[in-house]
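What follows is one structure encoded as structure tokens, with my remarks underneath.
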Amino acid sequence: MDHNTIVAAALGLLEGLTEFIPVSSTGHVLLAGHFLGFDSPGRAFEVLIQLGAIMAILGVYAGRLWRIFSSAPQDPRARRFILAVLLAFLPAVVIGVLAHRIIKEVLFETPTLIAVMLIVGGVVLLFVDRMANRPRHFSAEDFPLPMALKIGFIQCLAMIPGVSRSGATIVGALLLGADKRSAAEFSFFLSMPTMLGAFVYDLYKNRDILDAAATGNIVIGFVCAFLAAVVVVRGLLNYVSTYGYGLFAWWRIAVGVAVLLALQAGW
């Protein structure tokens, strides 16, 4: 097993472990690839291993998704929840399409920017986690439509490298009155259309740089991401209900500081 295969597996595990927690999976994968010197198809590899995480959450929530969609014709609550997720997804579609090129040109995915945003996001998450002690919404399926739309706009901050999609949506939900469990759960549901849409778009944009030589490493990364994400999705809700998001906030800060020190040392 060569170096690239081992690193592909490690990056897949890292993607799966971090995709649904508020620490920025993309930031972690890009930083790990940078420091490990991974010779991969770059963005194409990152996009395709994210599909493993997407499949994991679809698998874990398959039963609940079936219940929601099958009952929607008769159940106003199910219809309202589907509409809430679609409303929250809408800002990412509009802003992503209109501003994608500008964002890519202005906000380069450099290790320094990612590290700084990890620290900033960690401080914000720590503050919000400690102040969110009077929730008004306790079920992701009952979030009001205006609240869902606001979460969708906040999610767009994740277009800045290192911010974290799940981190932005969780912080947004907490600020708008969700309890810690329902904030994470709504982030899960919102990730499905958001990540699928981003996957299709990025796959199309990167179709010319995929090659057969990289297929083996991509498959390994995909499988590792899927398995790790299943574990995280199954355990995260119970964890945050009991302990909150403080651990993830301090992790972001620690990783960001460590990366800045490493870069300063010339790594």
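Note that the numbers count up from 1, one per residue, in the order the chain is shown.
Cβ coordinates come from backbone N, Cα and C, glycine included.
Noted in Swiss-Prot for the protein shown:
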type     : residues : note
TRANSMEM : 5-25     : transmembrane segment
TRANSMEM : 45-65    : transmembrane segment
TRANSMEM : 82-102   : transmembrane segment
TRANSMEM : 108-128  : transmembrane segment
TRANSMEM : 143-163  : transmembrane segment
TRANSMEM : 183-203  : transmembrane segment
TRANSMEM : 213-233  : transmembrane segment
TRANSMEM : 243-263  : transmembrane segment
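A Cβ distance under 8 Å defines the sequence-distant neighbours of the transmembrane segment (82-102), meaning residues of its chain 6+ beyond its ends; these are 68-69, 72, 143-145, 147-149, 151-153, 155-156, 159, 169, 186, 189-190, 192-194, 197-198, 201. Each of 108-128, 183-203, 213-233, 243-263 was scored by its Cβ pairs under 8 Å to the transmembrane segment (45-65), and the highest score goes to 213-233. Highest Cβ pair count under 8 Å relative to the transmembrane segment (243-263), across stretches 108-128, 143-163, 183-203, 213-233: 108-128. Tertiary proximity for the transmembrane segment (143-163) is limited to same-chain residues at least six positions away from its ends with a CB under 8 Å from its CB atoms, namely 24, 26-27, 30, 80-81, 83-85, 87-92, 95-96, 99, 103, 107-110, 113-118, 121, 137, 169, 171-173, 175-178, 182, 186, 190, 194, 256.
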